[in-house]
Ligand code: GAR
């Protein structure tokens, strides 16, 4: 049984997709131990509670320094003895000590076809704004392992999504979530849980 923790900052639609896939059997051999957010108001925490999943908040704002937060964050995560950490819209940089300790055991979903539109400053709607500004005709999403860089770790899965005439960043974001993110994130977890990757 793969013991996972999901890290979130916002609405948690990817978390929802993971929980739904666990219920429907599209993800097997997996146990969701905890959902962790840096933002106490994240609706994702509510989604977890509604499923009876432990939902906790740990915020950099509650610590005197980034180092103090990073240390507490790592200690908190360690306490759950996770096999896999899933970053699903988690907008806090993962401390280097954590990427080192959990090498090969942290994955992230990113809303573009990496290496396009990724790295510093590219998150959420900004990714789709940049893609539309560049005039790309195809975008998509990527699940990758997390290393000490930003969006630089080995790619596990990607799925392409068509950009359509008249798309706004919001419309494109929704299509990328529905057609790509909510599909490949559960798929990647299932593959890891069943040694298919
Ligand atoms: C998702 O689109 C995810 O790919 C993105 O944040 C959104 C979170 O939505 N992550 C990044 O941009 C990371 N660089 P959600 O809370 O509804 O799952």
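Backbone N, Cα and C atoms are what each Cβ position is placed from, and that goes for glycine too.
Over the domain 'Formyl transferase N-terminal' (3-188) the predicted model carries a mean pLDDT of 98. As annotated by TrEMBL, domain 'Formyl transferase N-terminal' applies to 3-188.
If you look up TrEMBL, you'll see 12, 13, 14 marked as N(1)-(5-phospho-beta-D-ribosyl)glycinamide binding site. When other Cβ atoms within 10 Å of the Cβ of residue 14 (N(1)-(5-phospho-beta-D-ribosyl)glycinamide binding site) are tallied across all protein chains shown, the result is 25.
Under the heading (6R)-10-formyltetrahydrofolate binding site, TrEMBL lists 66, 108. In the three-state DSSP scheme, residue 66 ((6R)-10-formyltetrahydrofolate binding site) is classed as helix. In sequence order, 60 make up the list of same-chain residues 6 or more apart from residue 66 ((6R)-10-formyltetrahydrofolate binding site) whose Cβ falls under 8 Å from its Cβ.
Residues annotated as active site, proton donor in TrEMBL: 110. Following the DSSP three-state reduction, the secondary structure of residue 110 (active site, proton donor) is strand.
Around the Cβ of residue 151 (site 'Raises pKa of active site His'), the same chain contributes 108, 110, 114, 115, 118, 119, 122, 142, 144, each under 8 angstroms and 6 or more positions distant in sequence. Per TrEMBL, site 'Raises pKa of active site His' is recorded for 151.
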- Within 10 Å of the Cβ of residue 110 (active site, proton donor), how many other Cβ atoms can you find? Include all protein chains, please. 24
- Item | Neighbourhood of residue 12 (N(1)-(5-phospho-beta-D-ribosyl)glycinamide binding site) by C-beta distance under 8 A, where only residues 6 or more apart in the same chain count | 35, 42, 43, 44, 45, 47, 48, 88, 89
- Can you list the residues of the same chain, besides 12, 13, 14, whose Cβ falls within 8 Å of the N(1)-(5-phospho-beta-D-ribosyl)glycinamide site's Cβ centroid? 8, 10, 11, 15, 16, 17, 44, 47, 88, 89, 177, 182
